[in-house]
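S.K.: Before I ask anything, let me first share the structure, which is written out below as C-alpha cells.
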C-alpha cells in the first residue's frame, strides 16, 4: 500500500505492509508493474506557469507535498542535525520520513531603477524515490541536494508515498517534529517567521552540505493554469522599495536627521519605557550616573541596550509579575518640576520599589554575568576619580625641556632690574650720586 500525506485513515499493522494514518491508495494493474527504482517519478509532466522561470533559474517540473524553505540571508548553509529534517504530515509514519531537500535556484528580475536583482534560492522536500532525483540512492553527493531521514526510517528502500496531483492535493505547510533545529538564515514559506538558529553539526561524508536556496513557493496552492509566478510577491516588494528609493538588500544607513528622530521618539516615552541605544545614550535617557543610578560605564553608557553584553544581563531582569508581586512598593506624591508654569500643574506620583534578583553559580553564563556586573556597578566612581586627577603641567611655547624654575618666566618682554626686584650692593659711583642728591640745588650762572 502507499501513503498519501495529509489524509487520515485507519492503520494496518503488518510486517509486509507499513502502518500509517494515510488513506490507502491501492495501485491498479499498470501501477503494479512499475519498477521500485522508478517509483514516484513522472514520465514528463506538462510545463505550467508554476514550473517555468522566465528569467533564469532551474526548472522544477515536480510537485512537492510541502511548502518551501526560503533563504533570506546570504552565506548561510542549509543543514539539519542528524536524524532531523523530514517534515511531518498526517498519514505518513516515521518509517517513511526519508528523502531530500532540493535546491531551486531562482532567476533575477529588473527593478524600477533598471538594475538586475538576483533572488535567493529556495528548498523543497521530496520523499526518497520521488521528485527530480528519484533514481539516485540516498546519500549520493549531488550539488543542490541535501539528504535527510528520521532515525526510524530505512534509507535503503524508497518511501512508499504517492505522487502529488496539484489539481486535487494542495501543498501542506511545512512543519517539523518538536526539537528540530532549523537552518539559520531561512524561513518557512507561509509562516511569516524566520527559522530558529541552527547548531553546527558534523555530517557524514555521504551527505552533501550546499548553500541554501529555495524552490517554488506553495507550488500546490496554484493550479497548472494559474498565471501567477511564485516570485511575484518578492518582485512587487522590491519594486515598491525601489520606488521609495530604498534597497531591500542594503542596510539602511542612519543619518544625523534620522538619529535625531529616533532619539526624540525615545525621549517622548515615559521614563520607565525608554530603551537607550546608540542614537539615545544612557545619560540622555536617564541622566548622569551617581549613587541612585550607579550602573553603567564605558561602552555600555554609549551603546545602551545595543551593547553586546547587555542581552545576557537582560536575562536577570524581572518580569512584570515579579516586579509587582515580588517587590516592596510605595506610592509617593512628588513636586512637579517640569512643565510650563503658565500651564495647569499636574499631580506627579512616584511608584518606588525595593526588591532583589537572586541567582547562583549554576545560572547559564554565570561567569560572564559576574564580569559584566563588576565592570559596570559603581563605574561612575572610577570615572569621577580620573576626572578629578590634577592635569599634567603643560610646557609653555618657546621653552625647551629642562629649564626648571625658569619655565614660569615670560621671554616675550624681558623685565628690568627694578621689575625683577633683585638685591645688590651699592658701588662707589652709586654712593657719590646719592650724596649729590642730598646737596641743595644751586643754579649754575657761569658763562660759557
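Here, residue 1 is simply the first one shown, and the rest follow in order.
Just so it is clear, glycine is given a Cβ too, placed from its N, Cα and C backbone atoms.
Straight out of Swiss-Prot:
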REGION    1-55  region 'Disordered'
COMPBIAS  29-38  compositional bias 'Polar residues'
COMPBIAS  45-55  compositional bias 'Polar residues'
REGION    52-194  region 'RNA-binding'
BINDING   106, 122, 164  RNA binding site
REGION    158-231  region 'Disordered'
MOD_RES   167  phosphoserine
MOD_RES   174  phosphothreonine
MOD_RES   191  phosphoserine
DOMAIN    259-384  domain 'CoV N CTD'
REGION    266-293  region 'Disordered'
REGION    266-384  region 'Dimerization'
COMPBIAS  266-276  compositional bias 'Basic residues'
REGION    385-448  region 'Disordered'
MOD_RES   390  phosphoserine
COMPBIAS  422-439  compositional bias 'Basic and acidic residues'
MOD_RES   423  phosphoserine
MOD_RES   427  phosphothreonine
S.K.: Just how many other Cβ atoms lie inside 10 Å of the Cβ on residue 174 (phosphothreonine)?
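M.R.: A 10 Å sphere around the Cβ of residue 174 (phosphothreonine) contains 22 other Cβ atoms.
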S.K.: List nothing but the largest Cα to Cα distance in Å, as a whole number, among the residues 106, 122, 164 that the record says bind RNA.
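M.R.: Between the most distant Cα atoms of the RNA site, 22 Å.
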S.K.: For residue 427 (phosphothreonine), what residues in its own chain, 6 or more apart in sequence, show a Cβ-Cβ distance under 8 Å?
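M.R.: Once residues fewer than 6 apart are set aside, residue 427 (phosphothreonine) is near nothing.
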S.K.: Using a 10 Å cut-off, grab the number of neighbouring Cβ atoms around the Cβ of residue 167 (phosphoserine), all chains included.
M.R.: 11
S.K.: Kindly report the helix/strand/coil residue split of the region 'Dimerization' (266-384) according to DSSP, in that order.
M.R.: 46 helix, 16 strand, 57 coil
S.K.: Let me know how many other Cβ atoms fall within 10 Å of the Cβ of residue 122 (RNA binding site).
M.R.: 27
S.K.: When DSSP states are grouped into helix, strand and coil, how many residues of the region 'RNA-binding' (52-194) land in each?
M.R.: 6 helix, 37 strand, 100 coil
S.K.: Once the chains shown are all counted, how many other Cβ atoms turn up within 10 Å of the Cβ of residue 106 (RNA binding site)?
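M.R.: So the number of other Cβ atoms within 10 Å of residue 106 (RNA binding site) is 26.
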S.K.: What kind of secondary structure is residue 427 (phosphothreonine) part of, going by DSSP in three states?
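M.R.: Its secondary structure by DSSP: coil.
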S.K.: Residue 164 (RNA binding site) has how many other Cβ neighbours within 10 Å of its own Cβ?
M.R.: 26
S.K.: If you average per-residue pLDDT over the region 'RNA-binding' (52-194), what number do you get?
M.R.: 85
S.K.: Return only the integer: C-alpha distance in Å from residue 164 (RNA binding site) to residue 174 (phosphothreonine).
M.R.: 15
S.K.: Measuring Cα to Cα, how many Å separate residue 174 (phosphothreonine) from residue 106 (RNA binding site)?
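M.R.: About 20 Å separate the Cα atoms of these two residues.
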